[in-house]
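According to TrEMBL, the protein has these features:
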- 19-149: domain 'EamA' (DOMAIN)
- 186-324: domain 'EamA' (DOMAIN)
- 12-32: transmembrane segment (TRANSMEM)
- 44-65: transmembrane segment (TRANSMEM)
- 77-97: transmembrane segment (TRANSMEM)
- 109-129: transmembrane segment (TRANSMEM)
- 141-160: transmembrane segment (TRANSMEM)
- 184-204: transmembrane segment (TRANSMEM)
- 216-237: transmembrane segment (TRANSMEM)
- 249-269: transmembrane segment (TRANSMEM)
- 281-301: transmembrane segment (TRANSMEM)
- 307-325: transmembrane segment (TRANSMEM)
Amino acid sequence: MTGGRIRAVAEGYKPCAAMVATQCIFAAMTLWVKAAFAGGMSPLVFVVYRQAVATLVLAPIALISNRSMLKEMRLELKGFFLVFMAALFGATVNQNLCYQGLHLGTSSLATTMTNLIPAITFAMALAVGQEIVNIKEVSSIAKVLGTAVCVGGAITIAFFKGPKLLNLSLNDSYMLIHESSSNWVMGALFLIGSSSCWSLWLILQAPICRSYMDPLTLSAWTCFLSTLQSVAVAFVLLPDRSAWRIHSIFELSCYIFAGVFGSGVVFYLQSWCISVRGPLYSAMFTPLCTVVTTALSAIVLHEELHIGSLLGAVAVVAGLYVVLWGKAEDARKGRDLDQSKDSTNRATRSDAQLDIEDTLAAPLLADAADRATGVPFQLYGLCFLLQVDA
């Protein structure tokens, strides 16, 4: 009995453990990549190698998992176009902007900007009609307000670093606003662009999933197409061919870790967790990566923390949770509406069943009704039940 309870408790904590592991993998990968960039690794080349490793990991798994449905893994012209565009914005442009921003900025800056994704996605979905705002509903006001707070926090991080948080000098204490360097601003703008591309990728999932449902095969196709796109981008923007050489075991291990764990393992953990607890539960853990990365980057990479960046990060995370709360309220209202419809359908079905039973119990009345209407009452009740079930 005790063992069964322990197993039940452990099963309940599995999604939480999976998401904590996911965010720790993201934090470790961010710190690892930042250290490799400091050692001379090119962000453009890193994206190519990461996508290539991810393709080598995901493609065999997709083929083995869907070996009985190989014909369905092929893409038609429309499906290929949608997946190509998703790979372009969701992987190629997104990752190139992200790692350029990481290269110019800091690890904590990169992980903080990922918290903008729900707010930017809401704004894009509103623009294309996938979201509706009703100013009379608290959930809509929360989503709009949370988006505004996120954007304000991102602007604060980008343009107002502020004085150092640790080892604050007397002169710095009188200066509430410190202008950010050009590299910092460019890095922040690159990271905002990366989050916007990822949000666009999320918007594209609606038409893609209608044409191509298997997520594992879709991810393999996305990584493969992104590898080809990233090679083309790197050859155009990176004339130095020596940058393609792998200079150390540390750099090679960075490529392998990012491809295997950053793409393969994380994809599996997130997909499983979303299938069990839903996307909102998964998104709630995103700030954990920011906290872990900020703490470890100060210890391991000796990155400096600034008051303006900290205040902006707090605003971004606060805005994230406000947006998620609004989405959770919308989901709850949707479930309540579905439950009320189900209750109404069950009540209607029960009334129809009672009518059939009354008819069977009083055949003389049924015969009279049949003669009066010309329609057998039992057949009408049966057809009504079939319509309700449909």
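Cβ coordinates are placed from backbone N, Cα and C, and glycine is handled just like the others.
For the transmembrane segment (141-160), the partner stretch with the highest count of Cβ pairs under 8 angstroms, out of 44-65, 77-97, 184-204, 281-301, is 184-204. Below 8 angstroms of C-beta separation, residues 33, 36-37, 73, 91-92, 95-96, 99, 214, 216-217, 219-220, 223-224, 226-227, 230-231, 233-234, 237-238, 243-244, 254-256, 258-260, 262-264, 267 of the same chain, each at least six residues beyond the ends of the transmembrane segment (44-65), sit close to that stretch. Using the rule of three or more Cβ pairs under 8 Å, pairs at least 6 apart in sequence, the transmembrane segment (249-269) is not in contact with the transmembrane segment (184-204). Panel annotation: around the transmembrane segment (109-129), residues 26-27, 30, 34, 98, 101-102, 143, 146-147, 150-151, 154, 157, 184, 187-188, 191-192, 194-196, 198-200, 202-203, 283, 286-287, 289-290, 293-294, 309, 312-313, 316-317, 319-320, 323-324, 327 of the same chain, lying at least six beyond its termini, place a Cβ under 8 Å from a Cβ of the stretch. In this chain, the transmembrane segment (216-237) lies close to the transmembrane segment (77-97): three or more C-beta pairs between them fall below 8 angstroms, excluding pairs fewer than 6 positions apart. Only sequence-distant pairs (6 or more apart) were considered; of these, fewer than three Cβ pairs between the transmembrane segment (281-301) and the transmembrane segment (77-97) are under 8 A, so the stretches are not in contact. Per-residue confidence over the domain 'EamA' (186-324) averages out at a pLDDT of 85.
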